[in-house]
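Pulled from TrEMBL:
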type     : residues : note
DOMAIN   : 118-295  : domain 'Amino acid permease/ SLC12A'
DOMAIN   : 405-689  : domain 'Amino acid permease/ SLC12A'
DOMAIN   : 820-1076 : domain 'SLC12A transporter C-terminal'
TRANSMEM : 116-136  : transmembrane segment
TRANSMEM : 148-174  : transmembrane segment
TRANSMEM : 194-224  : transmembrane segment
TRANSMEM : 245-264  : transmembrane segment
TRANSMEM : 270-289  : transmembrane segment
TRANSMEM : 405-430  : transmembrane segment
TRANSMEM : 450-476  : transmembrane segment
TRANSMEM : 550-568  : transmembrane segment
TRANSMEM : 574-596  : transmembrane segment
TRANSMEM : 608-632  : transmembrane segment
Amino acid sequence: FFHHCTRVPIRAQKFPLPPAGVCFILRYHGFCCLPGDNTPRESSPFINNTDHDRGNYYDGKNMALFEEEIESNPMVSSLLNKLANYTNLTQGVTEHEEYENEDGVTKIAVKMGTFIGVYLPCMQNILGVILFLRLTWIVGTAGIMESFAIVVMCCTCTMLTAISMSAIATNGVVPAGGSYYMISRSLGPEFGGAVGLCFYLGTTFAGSMYILGTIEILLTYIVPNTAVFVAEKKEDETDAMLNNMRVYGTCCLALMALVVFVGVKYVNKLALVFLACVVLSIMAIYAGVIKTVIEPPNYPICLLGNRSLQNHNFEKCMKTEVIKNVTYTTELWKLFCDSPHLNATCDEYFTLNNLTEIQGIPGLLSGVIKDNMWGEYGPSGMLVEKKNQSSVPVQDNSRDIYKPYIFNDISTFFTLLVGIYFPSVTGIMAGSNRSGDLRDAQRSIPIGTILAIATTSFIYMTCVVLFGACIEGVVLRDKFGDSVKKNLVIGTLAWPSPWVIVIGSFFSCCGAGLQSLTGAPRLLQAIARDGIVPFLQVFGHGKANGEPTWALLMTVGICEIGILIASLDAVAPILSMFFLMCYLFVNLACAVQTLLRTPNWRPRFKFYHWTLSFLGMSLCLSLMFISSWYYALVAMSIAGCIYKYIEYRGAEKEWGDGIRGLSLNAARYALIRLEEVPTHTKNWRPQLLVLLKLDSDLGVKHPRLLSFTTQLKAGKGLTIVSSVLEGTYMTLGAEAKSAEQNVKSAMHLERTKGFCHVVVSSNLRDGFSHLIQSAGLGGMKHNAVLMAWPGGWKQAEDSYPWKNFIETVRETTSAHQALLVAKNIDKFPCNQDRLGEGTIDVWWIVHDGGLLMLLPFLLRQHKVWRKCKMRIFTVAQMNDNSIQMKKDLQMFLYHLRLNAVVEVVEMHDSDIAAFTYEKTLVMEQRSQMLKQMQLSRTEREREAQLITKLGTKSHANLSDTATTTPDHHVHMTWTKDKLIAERNRKRGEPNVGVKDLFNMKPNQSNVRRMHTAVKLNEVVVNKSQGAQLVLLNMPGPPKNKGGDENYMEFLEVLMDGLDRVLLVRGGGREVITIYS
């Protein structure tokens, strides 16, 4: 039993309780459940590894070559075994029915085929309320030609969407979630969440539409006398009807929600009944059309002049009737005259025009199709009139509203009819939503969905033609059947009775409403459980059996909004927007995946092409704006807000989506284009490589360097933040990843947008050299290096810090890259600081590309430095004209469009001060002493090791030869005599070295450089000591490496007495221009 526990999925069965201390581990539907743990831990969807399994992976010696990799890479036999045992249950009806099974024994659900599992559900969802309640009115209002165009457009849209959906659905296993799962996994969490919520809103409003349709059928055609609100005046009939829809709709919604809450298995069992109603209704319509050829039904229509009349308040279409040679007025007379007498005062139009009675259903062979070929649009309140019927017009029509005429209840135009009709072609996702219950989903979904759309498209197209060919135009335009004694217009055509259509459409709308209230909460629950929208997480919870209770309450609340609108014609365009947006992104997902040619894109459905998907996407977008441009904008705004919210606050998910692949392709294309052409001066901006130092805990030593990067870049351009660990990658790989995470965290805190890279090198110098040479990719390479000044270089035990610094300066110069060195970086402002008053002082000594003037401009774009003024100082020599220099510099800055205060500082030739001479001498003495100490360090280390070695041996063996193994730098063999001789030699040498140091004279070149540094520092401190930031030209290092330490001293003197200094060294190219 225990051996097979992890290989065969064991269903819930009754086992005796285990003895104390024994733990059973059971496999249940791909989850590991431990006794006492009610939370299942989901394992891998393909390889459900357990610790027990791992011990059985390696058996025998046939695969000994791979035994060390078995833990991470399972054998193919094990993989196939796990795949065979993998089960995918729909998160819906099946699980709930299993939970609520009374006998406690779970029955394995029978998998469905194409016809039962996809074709019939799609048919049931597509054919619905619009067909029964509005299609005849659409045909009468738009005419056969324009109605046919509407049907063709909408059906083409859904067919193209079905082709794209079939490609996505057959590209691997589609779990429960249907269209939301397909879109989110193809386009990413942002698009998936936005479109998923729009699809949820569309499904919820569809529930409102079906409930409103149910109530309209109930109150208009079945039990019209049960209305709560009854209009006392004719002009109040519309308001009374809307209020009745609100009251009865709310009650119906509460009843349906209760049914769904009690258990979805009841809804599932009623689905067959609802489907039978739809099929019988369609058959009754076609049977009625055939019967009109033999014997048209008798539905007389009463016309006054050319105006259609409501005939449910009178029986005879005549003004007077003669009974036994006596003339009597009829019930119709009383509706237009002030008394039943023949001498009564009557309506002028009633007096001037005659009454005519025609057949409302003349039949298929009557030729009425010619009159119904083109549409008749009009404003709200327009009378329904018959074409080509003679009438005598009157001047005053103000009293017509109180007469029993038939009016347009809303303004009609082509685009409105598109929005009202489109919900009748939705429902194509019903098959993909049941993918877990299908025997072969990858075969059934494309065939069943496309056949269902083809069948329903044929039904709609033929109905448009047959309605126009069989029914009189004034009856088609009569939305509520007032001219045929309050009968459902489509029911007058049905055979054997109109009640077949009335009852069938009633139950069809009830079933569709129940299915919407069942599906919408599960869609919201799936979105909430994905965790991409934080504020929806509460809707991921439900009852013990997984029933989404909170999501159902949310759905009922939104559905109530649609019911309060109370008009089927007003709700239909709203859900059209949401469904069209969903279909648009299904097409976009297929087009993106096809164009990117991602390796994982291998649909079994081959009859697709990116052009079809693009055409479907364009058609969806067009239909959105054709139906209602303002609803389209609202829907797109809602989706956009959700997208940005998920992007800003949502959980990060990596689903291998196509948008990421699209970004990669776009980045690759852009990088190739960038590399083809060198950057123009107008497009130059600092692309920074930031060299960071890490402390002993692998944390960032100077986080203000990242703050300064953010302020300098303001989120624009390339930023690569890097550091180096000393060692080998094999031993420090984990530390490198940890350091990289620490740097990323610091970048997030300092709001630095860029890339992070930590490398491991045998020494720091080589690591920084490799970064300077190879960081970046293609055209996106850094052109400037930012680093901190090595503040403690004098106190360092070795010379590595300042030597690394100088080598970095030399390498950036060789690579033609700019260099920025920040001194006292820890005193720089953070991103939260706001520098109120102060200046950014630029000391322009030499021109090396104009970077000195560009940097303050970039800094002042950030909020930290925005209020600082910019000052530019330049130095004039004895032969320079200071006044002319200032004018020229001001004109130059004017052409550069830079606002700055200009000042020319004169530096006269003066004698070298004794202080400068002494400072240079001390510098050289210190340098010479350090060199001697460095040279003698190796010998002193060897001597110390030898003394330690000899001290461990006895005095009797001192005369013997002692062999030592020195450190890895020197390999020598020492004897006692050599040791004594070396010790005597070393004792005499220091005296000579000290005497040489005191007799030194400083190098004249160093004296001149020190003089320049001291004098320039005096001027800078005098002018800029109170500045918020000082930018200085950075002199280059000496060509002779022997003077490296002196170079560091010169820079130290140059920056002495200044708090915040940025040394700038250009990259050898112009970075700022006066031209546009």
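Backbone N, Cα and C define each Cβ position, glycine as well.
In TrEMBL, annotation is done automatically, which means it is predicted and not curated.
Just so it is clear, the model here is predicted, and its values are computed rather than measured.
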Same chain only, please: residues at least 6 beyond the ends of the transmembrane segment (116-136) with a C-beta under 8 Å from a C-beta of the stretch. Say none if there are none.
209-210, 213, 216-217, 271, 274-275, 278, 281-282, 420-421, 423-428, 430-431, 434, 437-439, 444-445, 447-449, 451-453, 455-456, 459-460, 463-464, 467, 471, 475-476, 479, 488-490, 501, 504-505, 508-509, 511-512, 515, 568-569, 572
Any chance the transmembrane segment (608-632) and the transmembrane segment (405-430) are in contact, meaning at least three CB pairs closer than 8 A with a sequence separation of 6+?
yes
Which bits of the chain, at least 6 residues beyond where the transmembrane segment (148-174) starts or stops, bring a Cβ under 8 A of a Cβ in it?
88, 138, 142, 181-182, 186, 414, 417-418, 421-422, 424-426, 428-429, 432, 435, 441-442, 445-446, 449-450, 453-454, 456-457, 460-461, 464-465, 580, 583, 586-587, 589-591, 593-594, 600-605, 607-608, 612-613, 615-616, 619-620, 623
Give the nonlocal contacts of the transmembrane segment (245-264) in its own chain as ranges (CB under 8 Å, at least six residues past its ends).
92-93, 96, 100, 207-208, 211-212, 214-216, 218-219, 228-229, 510, 513-514, 517-518, 521, 547, 549, 552, 556, 559-560, 563-564, 566-567
Flag the pair the transmembrane segment (450-476) / the transmembrane segment (574-596) as in contact if three or more Cβ pairs fall under 8 Å (sequence separation 6 or more).
no
